[in-house]
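Student: One structure coming up, written as structure tokens, with questions to follow.
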Amino acid sequence: GQPKANPTVTLFPPSSEELQANKATLVCLISDFYPGAVTVAWKADGSPVKAGVETTKPSKQSNNKYAASSYLSLTPEQWKSHRSYSCQVTHEGSTVEKTVAPTECS
């Protein structure tokens, strides 16, 4: 079988264009993992976030590893009212966490 591969996790904050349109979506990209099962948890300042989360099913990449994405939909007020947001990805018992912090300037 294929060797186990830990995921690469990238977390993107909302774009300034999106915030100007009164929306805020955080995107957590999870790529190059095997086997194709991951658990994604979102946190605001360390507290679990359940609402507004949408995670895609892992899909197989051309290199036979898997990729998935998770989206967290917020209002700009929610985004600005927290110090940090984290995307926590658990794969085969190991956890990768990426954090973004809202900047004051826009």
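Glycine too: its Cβ is placed from the backbone N, Cα and C atoms.
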Student: Which cysteine out of CYS87, CYS105 is the one Swiss-Prot pairs with CYS28 in a disulfide?
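Tutor: Swiss-Prot lists the disulfide between CYS28 and CYS87.
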Student: Report, as a single number, how many Cβ atoms besides its own are within 10 Å of the Cβ of CYS87 (disulfide bond).
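Tutor: So the number of other Cβ atoms within 10 Å of CYS87 (disulfide bond) is 28.
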Student: Does DSSP give CYS87 (disulfide bond) helix, strand or coil?
Tutor: strand
